[in-house]
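> Here's a structure for you.
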Amino acid sequence: MFYLRRTCLPFSTNVSPADKARAGSHKRWTRRQRKSAWTDGLSWEERLADAVTPLWRLSYEEQLELKQNNQQKILSELSGSLSADLRSDFTAPATAKPNFPVLSVLPSPVRDGYRNKSTFSVNRGVDGNPKTVGLYVGTGRQGNIVCVNADHLLNMPEKHKLVARCYQDFIRLSSLDPCLLFHTGGHWREVTVRTNAQGHTMAIVYFHPQMLTAEEVAFHKEELVEYFTRGPGSVCQLDSLFFQESTMTRCPHEESPYQLLHGQPHIYEEVLGFKFRISADAFFQVNQAAAQVLYNTVRDLCVPVTEEGASQSKTRGTLLDVCCGTGAIGIIASPRVDRVIGIELVEQAVRDATHNAALNNVENCEFLPGKAEVVLPALMTQLSSGAGVLTAVVNPSRAGLHPRVVRALRKQAAIRRLVYVSCKPDGEAMRNFRELCCAPDQEKKLTGQAFSPTLAVPVDMFPHTPHCELLLLFER
């Protein structure tokens with residue numbers, strides 16, 4: 001196949017120093033090795049499965065054991081670094097154990113086909129066809145991208161695979177080229193598919209307008225609607241079809257609105273008896289069944305209830321929900337507290353959260369738009385004068401919390417309990433953990449009493465992958 005022969009180099013395990021010298025430099029040599037040919041004897045489907053779901057060959061019990069060991073290792077690193085902060089001469093052994101309880105990984109109730117959101121890319125396939133819809137094997141930096149259909153992936157539901165296949169058929173019928181690289185032209189880009197537990201389906205098609213007129217774009221939108229509503233794509237039974245035209249890789253609704261071409265503007269999901277509206281770009285946990293386990297655990301860590309005979313006592317006070325998204329954590333915990341205040345950067349998510357509170361007849365929730373590092377410090381003055389217990393829960397992206405947010409949380413003495421939800425605790429979240437727990441540091445503006453980690457609960461949100469959500473309880 002010409003595409004692969006052109007971008008791949010022969011592989012050899014016996015390379016002389018002279019060969020390395022001819023490669024120019026060590027960096028160039030490493031790059032050549034990375035771009036070596038696919039000579040591992042695996043099929044394209046196996047290579048994609050290894051990239052997207054690396055644990056697919058293991059039993060679920062083996063997967064959970066591996067994840068448990070990974071979380072123990074990460075939390076041992078945290079314990080070691082905190083001990084080192086307390087004693088400058090302390091050197092944490094590599095096999096140190098966390099000095100707080102780490103519960104066993106809570107399993108996902110659903111292990112196959114659990115994803116409720118999938119994004120499929122468009123690029124050259126195994127046969128060289130540039131109008132192939134699937135997921136990538138290889139990287140653009142290495143110059144060896146191949147787009148492989150995702151029909152065989154264990155974590156992908158059948159409905160998502162069906163929409164991807166139909167979208168591939170549609171763009172192959174279209175007179176427009178795919179947009180593989182923005183500067184080389186083309187129009188059709190990836191497609192995102194969202195589903196809920198009831199099987200309702202939303203598709204979002206991304207499109208680069210290049211130099212097309214508005215009338216020309218409108219014509220191709222009509223073709224898209226015709227295909228998915230009355231043509232072969234009607235087999236997908238889409239409840240919503242959105243279209244976003246943008247000249248950027250990722251563009252929020254405020255900058256380039258999601259255009260509803262067909263169906264309903266939202267789908268809905270239910271978690272622990274609460275109903276949530278999902279917009280085209282709203283964040284929602286990718287595994288609905290495991291989300292119920294996650295949110296139930298978060299609620300119990302934030303506002304535990306004590307049994308008093310047949311009734312439960314309500315914890316008075318305020319729950320501060322930082323990076324609240326569409327309000328799921330706050331709304332689910334709302335019956336146990338007097339007040340919930342959520343902060344979220346994405347304005348559409350704030351609108352969804354406000355709608356979700358009204359949808360569930362929850363009247364003690366308030367959601368504020370803006371950057372947490374801007375909103376939170378000003379809000380703390382107001383919260384410090386309130387009565388009752390103040391508990392915080394943070395659920396940031398992989399980038400972690402902004403340093404100003406950590407400073408505000410440390411500075412607020414009324415916060416005695418904080419729950420950190422992280423999907424990547426060994427990344428930037430680890431910096432947050434250390435800043436929350438280190439001794440006061442005037443140079444870093446970290447004042448106030450330090451928190452201490454007292455309990456860790458891993459939740460498996462992503463079967464067949466090495467990842468899981470970690471809930472870490474801090475107290476002071």
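Every residue gets a Cβ built from N, Cα and C, even glycine.
Pulled these features from TrEMBL for this protein:
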| type | residues | note |
| --- | --- | --- |
| ACT_SITE | Cys423 | active site, nucleophile |
| BINDING | Gln285, Glu344, Asn395 | S-adenosyl-L-methionine binding site |
> Please list residues from the chain of Glu344 (S-adenosyl-L-methionine binding site) whose Cβ is under 8 angstroms from its Cβ, counting only those at least six apart in sequence.
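Glu344 (S-adenosyl-L-methionine binding site) has long-range Cβ partners Cys323, Cys324, Gly325, Val350, Ala353, Phe367, Leu368, Pro369.
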> Within its own chain, what residues at least 6 apart in sequence put their Cβ under 8 Å from the Cβ of Cys423 (active site, nucleophile), listed in sequence order?
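Long-range Cβ contacts: Arg398, Met461, His467, Cys468, Glu469, Leu470.
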> Within 8 Å of the Cβ centre of Gln285, Glu344, Asn395, which other residues of the chain have their Cβ, at the recorded S-adenosyl-L-methionine site?
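Apart from the listed residues, the neighbours are Phe283, Cys323, Cys324, Gly325, Thr326, Ala328, Ile329, Val421.
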> Let's check the environment of Gln285 (S-adenosyl-L-methionine binding site): how many other CB atoms sit within 10 Å of its CB?
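For Gln285 (S-adenosyl-L-methionine binding site), the 10 Å Cβ neighbour count is 22.
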> With every protein chain in view, what's the tally of Cβ atoms within 10 Å of the Cβ of Asn395 (S-adenosyl-L-methionine binding site), excluding that atom itself?
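Neighbour count, Cβ to Cβ under the 10 Å cut-off: 22.
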